[in-house]
Amino acid sequence: MARPNSMLFFILFFMLFLHPSFSSTSTSKPRALFLPLARLEPEYSTSVVPRHLRSKLPIARVPLYNDLGARGYYTTHVTIGTPPRKYALLVDTGSAVTFVPCSTCKKCGKLHEGPKFDPEQSTTYEPMKCDTDCTCDSNMMQCGYDRQYADMSNSSGVLGTDIIAFSDQSELPPQRVIFGCENVETGSLLRLRADGIMGLGHGELSIVDQLVDRGVISDSFSLCYGGIDVGGGAMVLGGVPPPKDMIFIHSSAVYRSAVYYVQLKEIHVAGKPLSLNPSVFDGKDGTMLDSGTTFAYLPEAAFIEFKQAMMNELHSLKKIRGPNHPGHSDICFSGPGSDISDLSTYFPTLDIVFEREVKLSLSPENYLFRHPGVHGGYCLGIYQNPKDSSTVLGGIVVRNTFVTYDRENEKIGFWKTDCADIWERLNATGAPPPGPSTLERPKSSASLPPAANPTAASPYVTLGIPRVGRITFYMFFNVTYSIIKPHMKELAWNIAEELDLHASQVRVINYISEGSDSLIRLAISPAGSDEYISNTTARSIISRLAEHRIHLPEIFGSYQFSKWKADPPSKRTWRKQHYTTAALMIIVTLLLGLLISATSLMWKRKWRTVVPYKPFRSAVLEQELRRL
C-alpha cells in the first residue's frame, strides 16, 4: 500500500487539475484576440478620458472620394509607413479590421490603385508576434486575421503596427495602429479599385476603438456621403458639435458584432405606412446601418409591401428593363428626365420610422440610382434581402446626410445637408458643444421621481443574447473619489437595493479619480447559484440605470451612466460543471484513505502483540508468516 503522504500529494495534484483556472498551455484553444497598441494596460487605465474633457480632444477631418453610382462605395486616402505610401480605403461601418494588400500577396486583385505594402521597406513597421492571445498564421510567427464579408468575399493575412496619417486637414497627428497586411483575398475584393478597407465598426481591431482606447479622440465619428452625380463627402474621426436640428436614434453594440444596430419600426410611402408588423424588421440580425453596403435590403414580407406601394405611386411612369445587377431584381423607370432636381415631382418621399417615433425622411436620391444604360432612367436602390430576414440600410439611404456615430452615448444622429460643403455648413449651424443624449442626460439622484414601472425595460435597450452572464457598466460621479472611497460598499449595496438585487450581485471592479470627479466601473452577476440573468431582467436593469431611475444618497452627488456591456454566460467545461461533485468525491476518498491507513496501523500493532514474527528456521513450531 502507498504511504499516506504520497497518496495526499496525488489527490492534491488531481484537485488542482480539476480546478477551473488550471489549463494546459499546449492544449488550450486560442483565446479572444487582445492586442495592445504599445504596452499592456490594466483592465481599466488612465487612457480613458472623462466625459467633461473629451470635447478638448482633436479630430481628424478626412475627405471622401468616389460615389455609389460609379464605384458603389466611398473611399478615404491615408498614408501608411515610413516613408509614407498612399492607400485608398473603402470606409465600412460594418466591419472592424483595416487592411491593405501585402507585398507577399499572390492572390490579390490587379485593379487596386495603390502599391502593395512592403513591411521590409517601412522603418516603423512592427509585426504582431504570435502568442497565446491571438490566432497565429500558418508559420506560427505572427498574429493573423481572417474575415468574411456579407457577399462571401474573404480577406486574410497577418497583423502588424505602423504609422498611419490622415489628411492635411486633420488636427490629429499620425498614429501607430494595428492593421492587416493582406495575403489572400477572394470574391468581390478582387475587383475593388480601392486598395483595402477601413473598419469603422465595433471591435478591438477597429481603427476607431484603437484611437479611442489610446485617448487621442473622443468615442465618436461621422460620415457624409455626397448625392447623385456629385459624390465625394467627408469623414470625421472624433466628436464634433451636433447641428441643432440633428435627429438621434439609439444604437447599441451587440456582443461579438462589429455592426451598428438600430430599431426600425415602420416604412411610409408617400405618407402612408406599409401594412407590416414592426417585428418584421427584427428578423435574424435585425436592422443594420452599414456604410459599406451600396443599397438597402428588406426582408421578403417588407419588400413585397414596399414594391406594391411604390408601383401604386409610379403608375404614370414607364417601367423599363434594369441593368441586371448580379443577384438583384431591378425595378427601373423612364420619364423623369436627367435633372435630379425634378425627381421629387415624379417619385414619392419615403419615411423610415425608428423607435420612439423618430422619423427620417428620404428624398428620391436616397433610394434611386441612375440607370447606366438609359438616359433619364432611374432604378430603385432598395431590394429584397436574398439571403435572410435581416434589414440593411446601406450608403444610398444616407446620401447628403451627415451621420454621427456617437458611440459614447450609444446613439446615431442624422442631419440632412449638402455634403459637398459640409465644413461650411457645420460652422454655420452655431451648434452647441456635444453632450449626452436626452436619453442619458445626467440628473440629480435626489430630484428623481420614483419609477412608474420598475420592472419594465426601456424600448431602446436591446440585447443580442437571450441570457446574460454579466453586465458591466461605468458610472461617472461629480464628487471626488476621496469622498466616495469610504462608502464604496455602501454604493454597491444601494445600487443592489434600488435594482431589487442581492447585495452580492453588485461589485466594484475599478475606478479612476480625475480632479473633483470619479469614474467607477461596476459589474452585476447572476444571483447565488444561478448561471445567468434573463434577457428581460437584464434589459430592466440597464434601462433603470440609463434613465436614472435609481436613488442614491446625496453623498454620491449626481451620476452619468455609460458604456454598458452584457456578456453571455461563459461556456462551462466539464471540469467547471462538475468541480463541486469532483471535489466532494476527492474529500471522501481522502477521508477513506486516512481511515484505511489508521485501521492498517491498528492491525499492525495488534499482530505484533498477539502473533510476533519468528525466524523461519527457529526451534519453535513453524507458523504461517502473516503479511503485515
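Note that Cβ sites are derived from N, Cα and C of the backbone, with glycine treated the same way.
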Given the ranges 305-329, 430-454, which one is assigned the annotation region 'Disordered' in TrEMBL? 430-454
Please report the Cα separation of D92 (active site) and D290 (active site) in Å, rounded to an integer. 7
Enumerate same-chain residues with a sequence separation of six or more from D290 (active site) and a Cβ-Cβ distance below 8 A; give 'none' if the list is empty. D92, T93, G94, V259, Y260, V392, L393, G394, G395
Between 0 and 100, where does the mean pLDDT of the domain 'Peptidase A1' (74-415) sit? 92
If you count Cβ atoms within 10 Å of the Cβ of D92 (active site), leaving out that atom itself, what do you get? 23
